[in-house]
Amino acid sequence: MELKIDTHSHTYASGHAYSTLIENARSAKENGLAMFCTTDHAESMPGAPHYWFFANQRVLPRFLEGVAILRGVEANILNTEGEIDLPLSVDPNLDWAIASFHEPVFAPSNKEAHTQALLNVIQGGRIDALGHLGNPHFDFDFHAVLHCAKDHNVAIEINNSTLKGHSRVGSVERCYEIARVGKALGVYFTTGSDAHFCQDVGKLDLASELLDSVGIDSHRVITHSPSQFLDFLELRGRGPIDELASLRQ
């Protein structure tokens, strides 16, 4: 499946990534993307940037190296109440918010606790996608969470980095099963490289392979085309981004 948007990438501001936003944009162009989301870790992750880093993203240009930039964050799920580590005042300055579990922030617990946290973060209405759900340390009720995501128009991320099998070991088959459940329920899918170095931005080959293998319809993959992605943002209640209107053509 052709994928024109990468919705998960990091700069050196995350504390354990190694490239600048401009370097990421250059790689995005080289790898054939139309747009990408910059999604550094929110502040609870060790080494992550502070409040003003996210609040000030309005100064970022809408295009770098001819590639559209979406202003975003990878927020941490903090607890079973589904709270995230991002002040509400930041939300108007961002286009895209992922919520993810990370061991340094949310200690792995049990299936029921993880499920409750995911249901609550979806129902909270502040996040657009759930990141790298395949991690076996954070087992959850696939059907309950994906059904909730479908009802609230929250996308399910297919994470290319996870599918390499080097991080979040044990995730690959779980990612395929999550995709199968999501297909049956009719969820929206997004795709992210989870790049921590610029050369990986736009590397979505394994995500594309999974989507094709499971038989996901491209109309349910919001990263298949810029127009689909922008339509999804508006479905989520975000206002139109006038500077990106030309990408709908």
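Every residue, even glycine, has its Cβ placed from backbone N, Cα and C.
The annotation Zn(2+) 1 binding site is assigned in Swiss-Prot to His8, His10, Glu74, Asp194 on the grounds of sequence analysis. Under the three-state DSSP scheme, His10 (Zn(2+) 1 binding site) falls in the coil class.
Non-local neighbourhood of His16 (Zn(2+) 2 binding site): Gly47, His196, each in the same chain, at least six residues away, with C-beta under 8 Å from its C-beta. The Zn(2+) 2 binding site annotation in Swiss-Prot covers His16, His41, His196, and the record cites sequence analysis as its basis.
In sequence order, His8, His10, Thr39, Asp40, His41, Ala42, Ile98, Ala99, Ser100, Gly131 are the residues of the chain that are 6 or more apart from Glu74 (Zn(2+) 1 binding site) and have a CB within less than 8 Å of its CB. Residues annotated as Zn(2+) 3 binding site in Swiss-Prot: Glu74, His102, His132.
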**Fill in**
Students should find that the Cα atoms of His102 (Zn(2+) 3 binding site) and Asp194 (Zn(2+) 1 binding site) sit apart, in Å rounded to an integer, by 13
**Asked** Out of His8, His10, His41, His102, which of the binding-site residues has the smallest number of neighbouring Cβ atoms within 10 Å?
**Response** His102
**Asked** Highest CB neighbour count within 10 A among the binding-site residues His132, His196?
**Response** His132
**Message:** I'd like the Cβ neighbour count for Asp194 (Zn(2+) 1 binding site), meaning other Cβ atoms within 10 Å of its Cβ, all protein chains included.
**Reply:** 28
